[in-house]
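Some features that TrEMBL has for this protein:
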type: TRANSMEM; residues: 50-66; note: transmembrane segment
type: TRANSMEM; residues: 96-116; note: transmembrane segment
type: TRANSMEM; residues: 136-157; note: transmembrane segment
type: TRANSMEM; residues: 163-180; note: transmembrane segment
type: TRANSMEM; residues: 200-224; note: transmembrane segment
type: TRANSMEM; residues: 230-251; note: transmembrane segment
type: TRANSMEM; residues: 258-277; note: transmembrane segment
type: TRANSMEM; residues: 297-320; note: transmembrane segment
type: TRANSMEM; residues: 340-363; note: transmembrane segment
Amino acid sequence: MAEISGSIAAVESSVIGISSTNSPRAKASSMDPKNVDWCEERNKSLRARYIYAIIFFIINLTAWFIRDYGHSVFPPPYYKEACGTAGHDCFHTLGVLRVSLGCFIFFFLMFLTTFIARKLYEACSKWHSGWWKLKFFLLLASMVVPFFIPPGFIHIYGEVARVGAGIFLLLQLISVIEFIRWWNKYWSPDEQNNQRSCSIALFTSTVFYGVSICGIVSMYYFYAPRPACSLNIFFITWTALLLIVMMVISLHSKVNRGLLSSGIMASYVVFLCWSAIRSEPVDEKCNVQKPDNGKFDWTTILGFLIAIGAIVMATFSTGIDSKSFQFNKNNVKLEDDISYNYGFFHMIFSLGAMYFAMLFISWNLKDSATEWSIDVGWASAGVKIINEWVAATIYSK
């Protein structure tokens, strides 16, 4: 009898369990945020950021195509109020600015709709990671609208884009310097680290300083071969002095950062100086780059694509690094917290839209850049030199 009563009790409990799962209260509990698969939601948000990066890359290619070949591929538009005779004001420099404005509008709208997102189950988080069909039409509208805006307003946007691109460069510098400091802290020897970490840090710093010195010597050889190249000599010499100053500051007893961080920063500063000199217009005396003869070989095309890839990577890496700009970097993330700051991510991409516009037009709103060129001209060289000096200043503080 005990076995029979036990079995009856088991059946009753199972029936009660089934009925309880079908009850409204059970359905409500199944929708509780605690029952959501956080791993899957987090993976969606991580995949989403790569999709945005691909979109940004395609927009970069679109801006280049509009600049170099838009006037010869697309028929003359019929709305002369915005594009002028034969559509000239929708191609070349103004075409790049129009594409940039469309990209800015899209990512700025994404910023406005996601900056309050904090949890994976919130509507803003769902919007960031999904609704791709609706966002496709939003992107399409954002890209089309600027081509109906009069040229005067596009010129105003170009002036604003200069400021936005400068802000982007500053945020990128802060992100790079924070990464260098993290790397130095990770590899620097202390009481808990073993001798192997100390050896790795010493070897790495030696490599970076060696590369920096080789870079300085190479720039003197290729870009300052004669005393007449006084501007390049000044840039390279000043960069060498910056390396010495950063090394002295890092080894000072009150700072004591070690040689690793200053070595990494030295190589970065040398790279910025080299990039600035490479952006100077071709000069047979001081800039021995291959002259522009209207023909483009595979090295030109490959270098151009690498430059665009670098723009996308710089924007992407800065966008996911919101932690570098937080005052409290030790916040403990909960299971349902978003993996990265969606609003900051889209804000960086909106500034990145202004940045790539400046690179494609070489920071010059009047003259159109030559085909298959990017960030070439005295304005571009000056911006990079200032960027180098600001980087060294921020690091030294």
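Even glycines carry a Cβ here, placed using N, Cα and C.
Within its own chain, the transmembrane segment (50-66) has Cβ neighbours under 8 Å at 73, 90-91, 95-96, 98-100, 102-103, 107, 132, 139, 143, 304, 308-309, 311-312, 315-316, 345-346, 349, 352-353, 356-357, 360, 374, counting only residues six or more beyond its boundaries. With a cut-off of 8 Å on Cβ pairs spaced 6 or more residues apart, the transmembrane segment (200-224) and the transmembrane segment (297-320) reach fewer than 3 such pairs and are scored as not touching. Residues 176-177, 180-181, 183-184, 187-188, 201-202, 204-209, 211-212, 215-216, 219, 223, 232, 235-236, 239, 242-243, 246-247, 249-251, 287, 380-382, 384-385, 387-388, 391-392, 395 of the same chain lie 6 or more positions beyond the ends of the transmembrane segment (258-277) yet place their CB under 8 Å from a CB of it. Within the same chain, the transmembrane segment (340-363) packs against the transmembrane segment (96-116): three or more Cβ pairs sit under 8 Å, each pair at least 6 residues apart. Away from its own ends, the transmembrane segment (297-320) comes close to residues 49, 53, 56-57, 60-61, 64, 168, 171-172, 175, 340, 344-346, 348-349, 352, 355-356, 359, 372-375 of its chain (Cβ-Cβ under 8 Å, at least six residues beyond either end).
Counting same-chain residues at least six beyond the ends of the transmembrane segment (230-251), those with a Cβ under 8 angstroms from any Cβ of the stretch are 212, 216, 219-220, 223-224, 257-259, 261-262, 265-266, 269-270, 273, 276-277, 280, 286-287, 385, 388-389, 392, 395-396.
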